[in-house]
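S.K.: Before anything else, here's the structure in question.
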Amino acid sequence: MSALPEKTRSSNNFNKLKKRLEREVGKAIGDFNMIEEGDRVMVCLSGGKDSYTLLDILLTLKARAPIDFTLIAMNLDQKQPGFPAEVLPEYLQRLGVEYRIVEEDTYSVVREKIPVGKTTCSLCSRLRRGIIYRVASELEITKIALGHHRDDIVETLFLNMFFGAKLKAMPPKLHTDDGRHVVIRPLAYCAEKDIARYSRAREFPIIPCNLCGSQENLQRKQIKQMLAEWEQQYPGRTANIFTALTSVVPSHLADTGLYDFNNPGGDIGEGDTVFDPPQIAGPGLIR
Ligand code: SF4
């Protein structure tokens, strides 16, 4: 059998990658009931690979979805120096998708409040979150879609564990405390490396994410590095850690608020396996 020409091979590979991402996004949407009939979904676009991929895949899925919903792309122009303000409107106009660009100079606020050299991300994201919620109310949005993926979720799990002493990650779907907004993360099952490959192949007009001049959070950087080393040594480990988040056994943890150890009963997960060795599963099984 003759080998396939390079061009055909790479187009086959791209199609496989595209199908995988679509399948994973479709599954996340189904598993968490992320999008329903009549929803107005605001897709937050930063100009990075993740949010471009999110919008792209959602548009594809919408075209063949059995339900009707609206997608509205939203970008917050935070007035960072050198932000190419024309890139996203041009891209979105070409796509023909409804969009809203919101201009708010959070950059100056952050610069004024945080000394030079300190990490500005936490204030910056707090301000951004407030604006996103306000715009969502103005546009009568029912779901706010963010581009966080599986690797972001696993990194957050370790950040919270190592630096906050909490077993807590980033949920695929979240109702805000005041009950006014629902945040969804349709890329929750997607690996960052797949998104990066997809984004390169689709040649999205990426806007660099370091315009604000802030250093990436050092702790997150360390966690990323740790996970990358693990992944190299034990391929499939990140996927396994994510899958563990979908298969929690409260009776085998130590949170008295989550499980009544004085009055055991009901579903105790895998039962009395106290002297059993830990289970070894295959890599990356999303059930
Ligand atoms: S990297 Fe810059 S723009 Fe992004 S959250 Fe941090 S301060 Fe804000």
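Heads up, the Cβ atoms here are built off N, Cα and C, so glycines get one too.
Because TrEMBL annotations are produced automatically, they should be read as predictions rather than curated entries.
As annotated in TrEMBL:
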type    : residues               : note
DOMAIN  : 41-204                 : domain 'tRNA(Ile)-lysidine/2-thiocytidine synthase N-terminal'
MOTIF   : 46-51                  : motif 'PP-loop motif'
BINDING : CYS121, CYS124, CYS212 : [4Fe-4S] cluster binding site
S.K.: If you skip the near sequence neighbours and keep only those at least six away, which residues in the chain come within under 8 angstroms of CYS124 ([4Fe-4S] cluster binding site), Cβ to Cβ?
M.R.: GLN78, THR106, VAL110, CYS212, SER214
S.K.: Give the residue counts of the motif 'PP-loop motif' (46-51) per reduced DSSP state, in the order helix, strand, coil.
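M.R.: So the counts come to 3 helix, 0 strand, 3 coil.
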S.K.: Tell me, what is the mean pLDDT of the domain 'tRNA(Ile)-lysidine/2-thiocytidine synthase N-terminal' (41-204)?
M.R.: 96
S.K.: Under 8 Å Cβ-Cβ from CYS121 ([4Fe-4S] cluster binding site), six or more apart in the same chain: what's there?
M.R.: SER214, ASN217
